């Protein structure tokens, strides 16, 4: 579920923290992907026919997650991303009640799905079939095997995948976290990417403006979130707990706006509980906000030294066996995917241009003078002003001394010219003086300015991806 209403609140209150980017902007970047969320989306999105059933092999086992993961990963690599897939470990104990609620919702959805099938209501079948989806342990293991054979790094988190993704950005081992769960921000991810799966699909899944706009993603920058909301990280965590998270109940009657105002006034949940009207706002009897806070601050994750990230060569023959023999994929289609995979690996090895250059700036004389004047005005005490004045006096004296030397040289040269005595004295003197004046006053330097022409490079990548209509994660979908 993530944090209730967080993305909308950030968009309204700290709009500079959210921006749309093209997938090309992530070229050369390492992105940590919430694998469980991705598999869930693939199973929902890839359907066989109008009955919205999953793709299956001859044994009747679902293969939608394999097809989606393989296709999507190659597509991301073709766009220059370097994906790392992070899988969930054991769920935290605090999440037990939330998981029970999800189980109840899933059971209710299954009942509604059965009814919809009896009535032949295709729209309701599609809606309820999505709510009944859950990623099984076997599907997770198959996904890990597929990625390993493709040479893609796989990380198994001891607990929450989005928490591990967030810490990979803290370790500077990844640029961003890709997930639909906004609680990755509460875990401290530097950058959150949303809609990554929805926007790396086949050409059929692009909107009508996609040819001009490209694949559009949503990027949320945590630093800008805190700056825009004017909150510390600790205050932001408490704010998110009050909005509603997976780890504890929240105070009834408090939404995101009220929670924000209370945090701004009282700074933390402890002070809020002491000061609010508890007749108006009902505090849960067993309000485990302290435990929830600690789960966000100190989640169970692998330490940096425990994380191993290796992009390996694909195991082509084993990959063919896994897809064709074990899961009955079409051989021609598999060959096509492998060809694209090998080609895409070359794209991911390209370095970003900003890794080749560093910015070097040289201050102009005008800027130096302005800064000196400001420094003089800001100098505190007569001592600092006197010191600046002394420095200025020394500079002026040095300039004066230089001018005297130049004048002496000029005088000596003039005397030399005057002492010449030949029949063309006057003419020679005038010529020498003209040359002298030209050298002294009319010296010019010609420089050419260069223009760098930015050219847009367009690359059309054809693919045979399965059409994937990825839904955005909403509160009514059981994630």
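Each Cβ is built from the backbone N, Cα and C atoms, and glycine gets one as well.
According to Swiss-Prot, 181, 183 bind Mg(2+) 2; the candidate from 238, 246, 249 that the record adds to this site is 246.
Range with Swiss-Prot annotation region 'Interaction with PCNA', chosen from 331-339, 340-348, 349-357, 358-366, is 349-357.
Swiss-Prot lists 34, 160, 162 as Mg(2+) 1-binding residues, and of the candidates 12, 88, 234 the one it assigns to that same site is 88. Listed binding-site residues: 162, 183. The one with the lowest count of other Cβ atoms within 10 Å of its Cβ is 183. Remark: residue 160 (Mg(2+) 1 binding site) has 88, 89, 91, 92, 187, 299, 300 as non-local neighbours, by Cβ distance under 8 Å and separation of at least 6 in sequence.
In this structure, the C-alpha atom of residue 246 (DNA binding site) lies 11 angstrom from that of residue 181 (Mg(2+) 2 binding site). In sequence order, 36, 37, 86, 157, 161, 163, 164, 165, 179, 181, 184 are the same-chain residues whose CB sits within 8 A of the CB centroid of 34, 88, 160, 162, the residues recorded for Mg(2+) 1 being left out. A straight line from the CA of residue 183 (Mg(2+) 2 binding site) to the CA of residue 34 (Mg(2+) 1 binding site) spans 12 Å. Between the alpha carbons (Cα) of residue 72 (DNA binding site) and residue 34 (Mg(2+) 1 binding site) lies a span of roughly 13 Å. Here residue 244 (DNA binding site) is compared against the binding-site residues 34, 162, 181, and the shortest C-alpha distance is to 181.
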